[in-house]
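Okay, so here's the structure we're looking at.
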């Protein structure tokens with residue numbers, strides 16, 4: 001019954017889902033992902049069921065899968081072989097974030113840090129990283145410091161031609177470093193550099209921490225595991241590390257733009273501490289850029305599983321009788337709960353793909369050794385946008401999985417739905433690489449720094465240029481809802497920038513110091529400013545993509561998707577739009593919500609085909625509720641029957657207990 005029904009919904013679509021997939025992802029990307037999936041299907045180590053593995057089992061299987069991926073030799077450098085790398089990491093992210101993390105932390109985080117902050121003296125190490133002759137980890141976070149990177153406490157002191165690393169307190173112990181607990185042979189570690197009694201500030205270093213033959217830690221280094229975590233993160237070796245007079249060669253300093261001379265003098269070509277920090281910030285952005293994709297993938301899973309299941313699930317109908325029950329996807333409320341996340345999955349993908357292109361250009365310029373004011377500005381803009389997009393994407397992703405689980409009713413709570421595991425897997429995306437509310441402050445700090453330059457703001461990615469013109473208040477709706485939404489966002493962002501800046505000035509004039517001012521402007525002002533700027537950029541970039549799209553046959557449905565995504569996001573700012581004076585009276589809000597309801601309804605005939613265009617292969621999806629054949633009940637029962645007549649040992653005790661109770665009641 002279910003399969004023909006899902007086919008019926010597929011036939012409602014006005015477009016070819018394969019063409020849409022190719023248009024959004026690129027034909028080569030789709031082909032490469034299919035090759036990766038085929039390789040995974042052919043290897044028993046990638047086959048799985050719905051059992052919950054122990055921590056040791058998870059780490060063992062992640063290790064074996066990682067070995068197999070390395071043996072495939074699909075890529076060496078994520079920047080010179082970008083398409084292969086993204087095809088592999090996206091497929092692995094969908095399959096298991098634990099396996100993906102093992103690969104990503106080594107190549108894309110550790111490797112990128114050494115490349116971007118190192119020099120020729122680190123070439124041998126870079127080569128070993130690319131050849132997977134070593135395993136890398138990235139050690140920034142400490143027990144007592146995460147987001148406040150400038151105040152980390154680990155020290156690296158220059159002494160007789162070497163660097164001596166120390167952990168001065170419990171709060172300075174490095175932690176949350178993936179790959180560190182058991183596997184890492186080398187790490188990028190951040191510490192305060194002390195030369196001739198002076199603290200030269202926050203610097204990056206690369207050091208060996210284990211012997212690659214015995215895997216024993218080197219003298220002066222203690223490494224341990226951080227214990228159990230929910231979901232796939234059990235498979236990630238998050239470790240802690242403590243230094244006690246560990247000596248490393250001077251070459252450990254990642255010396256692009258700074259160095260220590262043989263006679264012990266600190267030298268730097270950076271013009272300021274902020275310029276030096278911007279290079280590090282650009283490096284840190286790579287992690288946040290990857291986490292944006294996690295938000296996209298979460299929305300993809302949520303909408304795929306819940307929408308497909310909503311076709312198979314029939315409940316109630318206009319007249320009594322089981323034969324008259326209708327799919328729950330027909331209910332407008334079910335559509336309203338799920339379709340916005342379907343639109344988010346597609347739009348965030350388009351946005352993230354463009355952002356990756358910009359970031360790759362930025363990183364290549366850094367690696368080539370360029371130093372310019374324009375590149376420094378590029379770094380700040382990358383940092384501002386990644387610090388805004390990571391929270392927006394991950395909040396949507398985690399939210400979508402929670403809504404999907406509830407929209408699937410009781411069956412959604414089964415392990416075989418995969419929705420619960422996915423919620424556990426994606427929940428930490430809101431805190432790692434920067435707690436969301438904290439890093440939004442980094443976005444607003446950069447935007448507020450532009451407040452005095454309105455009229456002449458120029459940035460490499462042009463994400464802030466709209467602030468140069470004072471926007472108008474709402475007058476009327478046009479025939480293009482996306483243009484209307486962007487106009488509202490421009491007003492909202494401009495107004496929030498002006499009012500937040502004015503409030504900061506007022507607080508400073510009242511005697512508050514900069515720290516107090518920065519904290520007091522966050523609620524309802526700076527946080528909203530960062531979110532508005534980010535969402536405007538997301539919508540604008542997707543609109544640009546649609547203007548340039550080659551396959552015109554899929555443009556109309558993508559326009560419907562963008563209409564829904566933009567209206568869905570803007571509706572969340574409705575109260576602020578009224579408070580700021582963008583509109584008055586109830587009609588603007590009523591019209592906005594009516595347009596949102598219509599945008600949801602317009603997507604119903606397209607929904608299953610849109611899901612097909614974004615859904616991973618069933619082997620990767622691994623959900624009984626969300627399989628592409630629409631046979632949810634059959635897949636559920638297939639799993640149920642695996643547990644037929646399995647009697648646990650305690651049933652004998654139960655029988656004896658009931659017998660005693662029965663005998664007692666007769667007395």
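Just so it is clear, glycine is given a Cβ too, placed from its N, Cα and C backbone atoms.
Per Swiss-Prot, the feature active site, proton acceptor maps to 433. Taken from Swiss-Prot, the feature FAD binding site applies to 138, 139, 140, 141, 146, 147, 178, 313, 334, 335, 336, 337, 410, 435.
Location within the structure of each feature annotated in Swiss-Prot.
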| residue | record | Cβ contacts under 8 Å, 6 or more apart |
| --- | --- | --- |
| 138 | FAD binding site | 105, 109, 110, 113, 177, 178, 187, 188, 287 |
| 146 | FAD binding site | 176, 434, 435, 438 |
| 334 | FAD binding site | 310, 328, 407 |
| 336 | FAD binding site | 597, 600 |
| 410 | FAD binding site | none |
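For the FAD site, whose binding residues are given in the record as 138, 139, 140, 141, 146, 147, 178, 313, 334, 335, 336, 337, 410, 435, the maximum C-alpha distance rounds to 47 Å. Residue 178 (FAD binding site) is surrounded by 25 other CB atoms, counting those within 10 A of its CB over all protein chains shown. Separation of the C-alpha atoms of residue 433 (active site, proton acceptor) and residue 140 (FAD binding site): 10 Å, rounded to the nearest whole number. In the three-state DSSP scheme, residue 138 (FAD binding site) falls into the strand class.
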